[in-house]
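Quick notes on the structure that follows.
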Amino acid sequence: MDFLEEPIPGVGTYDDFNTIDWVREKSRDRDRHREITNKSKESTWALIHSVSDAFSGWLLMLLIGLLSGSLAGLIDISAHWMTDLKEGICTGGFWFNHEHCCWNSEHVTFEHRDKCPEWNSWAQLIINTDQGAFAYIVNYFMYVLWALLFAFLAVSLVKAFAPYACGSGIPEIKTILSGFIIRGYLGKWTLVIKTITLVLAVSSGLSLGKEGPLVHVACCCGNILCHCFNKYRKNEAKRREVLSAAAAAGVSVAFGAPIGGVLFSLEEVSYYFPLKTLWRSFFAALVAAFTLRSINPFGNSRLVLFYVEFHTPWHLFELVPFIVLGIFGGLWGALFIRTNIAWCRKRKTTQLGKYPVVEVLIVTAITAILAFPNEYTRMSTSELISELFNDCGLLDSSKLCDYENHFNTSKGGELPDRPAGVGIYSAMWQLALTLILKIVITIFTFGMKIPSGLFIPSMAVGAIAGRLLGVGMEQLAYYHHDWGIFNSWCSQGADCITPGLYAMVGAAACLGGVTRMTVSLVVIMFELTGGLEYIVPLMAAAMTSKWVADALGREGIYDAHIRLNGYPFLEA
């Protein structure tokens, strides 16, 4: 009975919210392939058709990589510019962000490299002065106003044009890859609106990241490009192989981590992942990362804002604080999942869910009002993470590097551990307040009707906790280098402890606690930071956080959201 050629109405097409028949899709593809192979022996034209059919998969991967890399570059550049717009504007050209504005300036000193006459804060533009209480109030007001404007635009666009563009998108993509059909979830409207509103949501200063939504954007690109190829347009199972590769390309551009992207797709989102898909994911992730690198969105030839290089070796004893950070990450992950799911359930079951715009505006207003007075919450979360990951050199002007220098600076190389100065003590206070704000506000932010990723806020929570612990360890080693635990490896005037490394390990631990990733998380972290010698600390923290979080709650945040939304997701 050869009904596979001429489908009976209702066979071969699926309704919305149905599950595909993997076996039938596979057998249809096999029959199609057999037919093409048999015909290819008959004529040259059929042979060319057979070759182009085999090649179409790789061509599709190339297109997905190019498109998602370009969109990621566009999102990065726009978000950077609009984040700075909340604080001021460049008179030399309004399209420059703060950093680019001061690059071309003639009047920049090294100490005040972020202050240049071309960059004007809103107070300078409106009342011609940047000093005094009134100027501060004007800047404060403009900051909150821009944040509310961006958030209002984002939530209005999502509500009006593409309701599917909200959230992170990873739970739904997991569900779609397991064979479920959600029509329009990966459509062109969702792609356009998600790209625009993602920039707006990130710029509004809310506690969310762009990494999860970039996976959704890349999968939309993959789904739309599938329609150009007959082989993928008509076969749902083949299309899901393409979407697995697109998810890898999405993580690749989000973190500049191509191999981490492939592993993320394999470990976290994919359901059916044959070996052929592995090679294709690798290729798509490579092309996407290459495209983003050629756009160079941050102007430092890196793919992410927070790239660091540490070279100080770590000591075996330091595994103890690293495991403590792992425990913290697991506890935070379990706490976050419980509270966030409870809040999302409340939103679904009460009147709250009927007013998405009001909810977004209230959360944005609270975030902006609390964020402005503290410089660490005022900056964008990616910049905060890059500041926390940073290892202090001689030329660093940040408060986190305000050590008292009691040594001869002429000898280059590593700086020894030094006593903390006034700046560090005030930075520690501000970071502790930042930590509390991020922990609380992220619970209410994730799951609102705007694009919101969870990777960056979780990394920020972990990085703050890690940096606090790292500075504490460093001061302990400085003042008590004769203790038994330190005296074997930490002599006076040596550089023993790198606080930035603790921030990196803490970020990995918290991200692992929330998402329950292990292998891909460690690979993403060391691709992100270029720290190959720190694989063992990262592995220790990631495993500890997974064990602790699994002991307190079985599922990761994505599985919890799948269950909350009632999607039919079967474990493989």
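Cβ atoms are placed via backbone N, Cα and C, with glycine included.
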Of the residue ranges 161-182, 293-314, 513-534, 535-556, the one that TrEMBL records as transmembrane segment: 161-182
The transmembrane segment (55-75) touching the transmembrane segment (242-266) per 3+ Cβ pairs under 8 Å rule: yes
Interface check, the transmembrane segment (355-372) with the transmembrane segment (214-230), three or more C-beta pairs under 8 A: no
Recorded stretch, among 55-75, 189-208, 214-230, maximising Cβ pairs under 8 Å relative to the transmembrane segment (427-448): 189-208
Within-chain partners of the transmembrane segment (214-230) [C-beta distance under 8 Å, separation at least 6 from its ends]: 56, 59-60, 63-64, 67-68, 71-72, 75, 168-170, 172-173, 176, 186-188, 190-191, 194-195, 198, 239, 242-243, 245-247, 249-251, 253-254, 269, 288, 451, 453
Positions whose Cβ lies under 8 angstroms from the transmembrane segment (161-182), at least six residues beyond its ends: 14-20, 22, 189-190, 192-194, 197, 212-213, 215-216, 219, 236, 240, 243-244, 247, 268-272, 446-454, 558-559, 561-562, 565, 567-570, 572
Any contact, the transmembrane segment (55-75) to the transmembrane segment (316-335), with at least 3 Cβ pairs under 8 A: no
